[in-house]
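Have a look at the structure below, then the notes.
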Amino acid sequence: MSSPVAVYRDIYTEDQFKKLYGASEETKGSEKLRERVLKSCGCNKDACVKALKERIPILNWLPRYKLKKWLLGDAVAGFTVGIVHIPQGMAFALLTSVAPIYGLYTSFFPVLLYVLFGTGRHVSTGTFAVVSLMTGSVVERMIPRPVDLNSTSPEAAEIEAQKIGVAAAVAFLSGIIMVCMFALQLGFLSTYLSEPIVKAFTSAAAFHVTISQLQNMLGLRLPRYTGPFTIFKTLASVFEALPLTNMAELVISMACLSVLIPVKEINTRFRHKLRTPIPVEILMVIIATGIAYACSLDSVYEIQIVGHIPAGFPSPRLPALETLPSVAGDTLAITFVGYAVSVSLAMIYADKHGYTIHPNQELLAHGISNTVSSLFSCFPSSATLATTNILESAGGATQLSGLFTSLVVLVVLLLVGPLFYFLPKAVLACINVTSLRQMFLQFQDLPELWRISKIDFMVWVVTWLSVVILNVDLGLAVGVVFSMMTVICRTQRAGCSVLGRASNTEIYRSIKKNSKCYEIPGVKILAYNGPIYYGNRSFFREAMTNLLGLTPERIRRREKILKALEKKESLSIPTVESGVANASFSSENELFKSDIVDGEVQAVLIDCSSVIFIDVAGARLFIQMCIECQKAGVRIYLAMCNESVLKILTNSGLMDHMNPQHLFVTVHDAVVYIQQLKENSSEKTATIWV
C-alpha cells in the first residue's frame, strides 16, 4: 500500500485562483492575437513554400523518398493493385450502369491525381462498389435503359453517352462539393458517419450489390430498379424471370465463383506468407475471354459480352452539367459516403504505421481527383477497401505506389483493352460479388459491439435494416438521424448523482455506486453528467428538485421565516479573503442552527466538471433555481466550472443572485469552506488535509 500524502494549501475560489495563476491581461492577449493574425497574413517566401507543400504533399515527401528502402515495395504493391484494378474497374462499371471502359478510366485518373495531393501513404483510390452502386442508381433514374435495346444500335450508343454524361456530372459535382468543404475546413463533418454507421451501411450495400448482379450472373435482361424497396423489387423480378435463365451464363457464373471464392480465401488466410496475393481476378478475365472467343459463346449461346473497348485516352469534355440540379441530393450522399470511407481507411493505416493524415487535405485531394477526372468521362471515385488492404499487405510504403498502379492501367488502356471484347459480363458480375467479402464479414463485429455498447449496436442494426429495406441513400439518412437522436437522448437524460466523500481523502464519488463514500451533514453535493441546454433543462430541473426536495410548500415556508428574521437583524454574508474564512459566523449561521431540522439540506454544492457547455436557456434555469434555493434558505456553491460555462453564467447575471466567493476551484475547497462556516472557526488560514 502506498504511503499517505498530506497537502497543505489555502482554499481557492475562482477569483483568487485567477489572480494567482490566471492568464495575462486582455490587452496583452489582444496584442498576441493581433501578432498572430499579422503573422498568418504575412506573405514571404518561406510561408509560400510551406503553403505549397501543404497543398501539394508530393513536394514534401518526394525529396525525402528513400529509394533503397521503399522503391521495391512500392513497385510490387503498385503493380499488384494495378492488376486487381483492371477487372474490378470493369466490374464496378456495371454497377454504375456504364460501359466497362469507363471503369478503367476511373481506375487511372483519380489514382494519378491522388499521388500528387493525397496524404494517405497506404490508400488505394479508384472504383468502389458502394459508391458505384449509388451512382448507378442515379444514372438509372435519370437515363433508364430499355430492356430489349440492341447493344450495337446507334440508339444504344446514344444512351450510353447520356449515361456516362450523368455519371461524370455526379463526379464533377461531388468534387466541387469536396473542394468547397475544404475551403470551409469542414473535414470534421465525416465524423457524423460513425464507425457503426459506416460498417452497417457498407454491409447492407453489399447486399444491394449482390442482388443487383443476379441478372448478369443468370443471363437475364431485366430493368434496374431504383428507390425504396429496390432489393425486394429486384428479387421478385429475378424469380419471375427464372425460367428464362441462360444456362451457359449460369455455368460460367458457377465456375467463376467456384474458383474466385477459394482463391480469395487463400489470399486472406495466407496473406502474411504470400509476397503478393494470387491475381485470380485478372487470370479469370483472361481465361474467360479466351474461352468465349474460342467457342464463340456470344453467338452460339447468346451470352452477354463486354463488347468494344476503345484503345487510348478519352478526349476531355464537360459532363452533362444540365443534370446537376436533378442529381444534387444524391451526389451529396455519395460525397459523404466516399469521403467518410476514404478518411476512415487512411486513418486506420496511418495509426498502424505511425504517421498522420490531414482530413481537410484529403477533402482537397479527392475533390480535385473527382473534378478533374469527370472531364475524362470518369464516374465518382474514392478509397477502396480491397485494394487498400492489398496495397499495404504487398509492402507499399508511400503514395508512389499509385504511380505504378497507373502504369499498369495505362498499358491496358493503350494496348490490351480491345482484347477484352469477348469477356462475358457474368465474369464481371462474379468479381463484383466476391469483392464484397470484407463487407459481409462485418457481421462478426456484432457480438463484440453488443458487449461494448448496446446503443451502438442499435445504431448498427437500424442503419443496416434501413439501407436494406429502403435504399442506400434513404437508409444512410435514417442511420445518421437515428445516431444523432441517440446522442441527443443521452444528453437529455444525463444522470444527476449525489456525491459523498471517501473518508480521509479529497475524493468525491457517487454514493449509490460507492457504499463507503458518505455525505457531508447538511451539505448536498450534486454532479450533473451532461450539458445544460434548452433540450434537457426540464430534466435537469426535475432531477435537482427531486434530490433537494425543493417543493413549492417548503420554499414558501422558508421564505416566510427569512422575512420574519430580516426584521430582527441584518444578515452579513461571509466571504473568503486570501483563503481565510470570515471569523464571524453571522446571523445566517444562527438561522440554520435555530430553524433547520437535523438532516435537512443547508447548502448545495454543484460539481460542474461534467457540464461541458450551457446555453442561454440553461443559464436562466440555473439562475431561477439559485433564486428558489435562496428563498428556501439553501445556499448555492459551484465548483470546477470550465471557463466557457462560467462565462455564460456570469454574462447571464448569475452574480446578481450569488456571491462570487461561492465559486470554487475544486469540490474539496468548497466543502472545507462550508464546514468552516458551520464550525464558526476563528482560524485565519484554511488547511486542507488529504
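Note: Cβ is positioned from N, Cα and C throughout, glycine not excepted.
Residues annotated as transmembrane segment in TrEMBL: 70-86 (among others).
Residues or ranges marked as transmembrane segment by TrEMBL: 92-116 (among others). With a threshold of 8 Å between CB atoms, the same-chain residues lying at least 6 positions outside the transmembrane segment (92-116) that come near it are 56-58, 85-86, 123-129, 132-133, 135-136, 139-140, 145, 160, 163-164, 167, 209, 212-213, 216, 224, 306-307, 309-310, 314, 365-366, 368-370, 372-373, 376-379, 381, 399-400, 402-403, 405-406, 409-410, 412-413, 417, 420, 423, 425, 428-429, 432.
Among the features that TrEMBL reports, transmembrane segment is placed at 164-184 (among others).
Below 8 angstroms of C-beta separation, residues 211, 214-220, 222-223, 225, 280-281, 284, 288, 297, 301-304, 424, 426-427, 429-431, 433-434 of the same chain, each at least six residues beyond the ends of the transmembrane segment (235-261), sit close to that stretch. Annotated transmembrane segment per TrEMBL: 235-261 (among others), in sequence order.
Marked as transmembrane segment by TrEMBL: 282-301 (among others).
Here TrEMBL flags 331-351 (among others) as transmembrane segment.
Away from its own ends, the transmembrane segment (403-423) comes close to residues 74-75, 77-79, 81-83, 85-86, 89-90, 100-101, 104-105, 107-108, 111-112, 115, 124, 285, 288-289, 292-293, 297-298, 305-313 of its chain (Cβ-Cβ under 8 Å, at least six residues beyond either end). The feature transmembrane segment is assigned by TrEMBL to 403-423 (among others).
What TrEMBL lists as transmembrane segment is 457-482 (among others). Through the fold, the transmembrane segment (457-482) approaches residues 130, 133-134, 137, 192-194, 196-197, 199-201, 203-205, 207-208, 226-231, 329-330, 333, 336-337, 445-446, 449-450 of its own chain, all at least 6 residues removed from its boundaries and within a Cβ separation under 8 Å.
Residues annotated as domain 'STAS' in TrEMBL: 513-674.
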Residues of the same chain, at least six outside the transmembrane segment (282-301), with any C-beta under 8 angstroms of its C-beta?
83-84, 86-87, 90, 246-249, 252, 256, 259-260, 419-424, 427, 430-431
